[in-house]
Amino acid sequence: MDVTRPFRIGIWIAWLLIFPAASWYIYQQYPPTISGFEIDVFVFLVFMCIVATLPIIVNDTPIFFTHGVSLAVFLVFGLFVEMVLFQIAILVLLLKVHVTRNNLFRLPMNSLMFLIVSVIGAVVYYSLGGQNGIIQLNSVASFIPIVGYIASTFLANNILIHIIRRVVYKRDDHFFTRDLLWEAMTSLLVIPVGVVLYLLYIEIGIISTFYIGIPFLSIAIILQLYHSSQQVNSYLQKVSEIGHQLTERLEVDQVLSLFLAKLTKTLQVDYAYIIDVKRNYSFEVLRYFELGEDKMGNGYTFDQEKGISGYIYQTSKPVLFKTSKEWNHLALANAPEQAESLIGVPIKRNQKIVGIIILLSNKKRAYEGFHLTIVDILANYLAVAIENARHYEEAKKISEHCALTKLYNYRYFENKLEEEFIRLTSSKLAMDLSLILLDIDHFKGINDTYGHQAGNEVLFELARRLEKSIGSKGTVARYGGEEFAILLPGFDPFASYEVAEQIRQAISSEPFIINHHLAETNQEVEVKITASIGVATAPEDADDPMTLIRHADRAMYTGAKQQGRNKVAQYVK
């Protein structure tokens, strides 16, 4: 969460008021004794700064191992020297993690935080009888001040971090988090080395930093590598779970929604775009993620030769940029001005690029090389999941539609009618469900006169007229042969009768143009088509789906067909 400008200014003012005064007071109360040991202090400073360049980042919190060295410095030279050296090491750490201009307030905030930690540790240490300089650690009691110092600095540090997260960053974090666990684990490894460094320094002097420095830095590097491997393994496990979940989705929209939701939770993503490669050498944004919302692409297209998408398409390689300066020259279309870090990955199927994923973060250096690998793996999962979903959708469409008229078939209509009846009976509100059944008059005569192919042309054209008449008001299906069904949720008997009459007029008012397939020369002819239509409405006319069909069918035959055809008949009990 962004920190307000007044707070940023306020923390700088607080630092200017508190830090110089506190430093002067500490110098007066705990005067350092470094005369003749200036080189030793400088070597310790260099040692602490080197260690500060090897942090591990957990939950956006840098964990570093300088406190092991600072313990030895405190025991030898006292609070003031330890505080000054630790402040410089903190500055090196923040430079290492690339504090941005917007986050410069972290410098005074961390400075004040570790000033408080140093003071609390020293107060506890001196209260327990601790001294600086040469200490005889020959009994359990002699270690009590050191243990008190270690425990108090550890608790003070983590309590202050917890307060900053909740108050400054408004994060609803628990106190016991992964970074606390990591700091506790690293402290168990580093603090004993710090005690050994102190003892060895007392015995042989500053050369001890060399003997202890190599294993100390080795521990820091090993912990870094271990944390990185744990982090990568955690990501890979999440990727595997996402891959399985993607393959379970049966529709493309479901696949894309799940992919964006999981990806934006797994990585630090402020903006995400899934781009489809079209056959006409252009790109289309299928889905995108902005301001915490998953949105449809709305058909936005752009040229394949432009922008980062074009660069990825032409090179067929993923890209990683850590700051906007690295990719600004590629001119990403509609890129947010505040975006910094960027990952772009091609989606490939059968060695052909079929899409592109672009992720952006407002934070500089938000992504590392392994993040690029993770997104690349996810892109492969996405390609397979989309292909499977499209195959499923195509198979589903074939199974639910009439191949001739392109309308829904009887199978789909039957299921839809069941669904609508369940909705009707479970609703607490008064609702109607109307069914229109339509049968073409004298359709056999058309087949006999002009050929069955001409009959198919009539069916196809009639389907288009029905779709145009109904639109989004209901569901049109081919019921069988020359019969059609129209389902109208929310239409009462009067409204459904009007719709049926409009359909009758749309059919009879304009002749159908068909080909005379039985003639020696194929020629177009105009034929007049009419239809007999029956209407029934639930729950007034029926209590179940089959009864509704039977009553609409009865109205069609007895009320329309037998009364001269080209009529609309309402079911009458």
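Note: Cβ is positioned from N, Cα and C throughout, glycine not excepted.
What TrEMBL records for this protein:
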TRANSMEM  6-27  transmembrane segment
TRANSMEM  39-58  transmembrane segment
TRANSMEM  70-95  transmembrane segment
TRANSMEM  107-128  transmembrane segment
TRANSMEM  140-160  transmembrane segment
TRANSMEM  180-200  transmembrane segment
TRANSMEM  206-226  transmembrane segment
DOMAIN    431-573  domain 'GGDEF'
Kindly state the mean pLDDT of the domain 'GGDEF' (431-573) in the predicted structure. 93
Contact between the transmembrane segment (6-27) and the transmembrane segment (180-200) (3 or more Cβ pairs under 8 Å, separation 6+): no
Could you pull out which residues elsewhere in the chain have a CB under 8 Å from any CB of the transmembrane segment (206-226), counting only those six or more residues past its ends? 39-40, 43-44, 47, 50-51, 54-56, 65, 68-69, 186, 189-190, 193, 196-197, 200
Give me the stretch from 39-58, 140-160, 180-200 with the greatest number of Cβ pairs under 8 Å to the transmembrane segment (107-128). 140-160
Intrachain neighbours beyond the transmembrane segment (39-58), with Cβ under 8 angstroms and 6 or more residues off its ends: 64-66, 68-70, 72-73, 77, 81, 85-86, 88-90, 92-93, 96-97, 178-179, 182, 201, 205-206, 209, 213, 216-217, 220-221, 223-224, 227-228
For the domain 'GGDEF' (431-573), what are the DSSP-based totals of helix, strand and coil residues? 60 helix, 42 strand, 41 coil
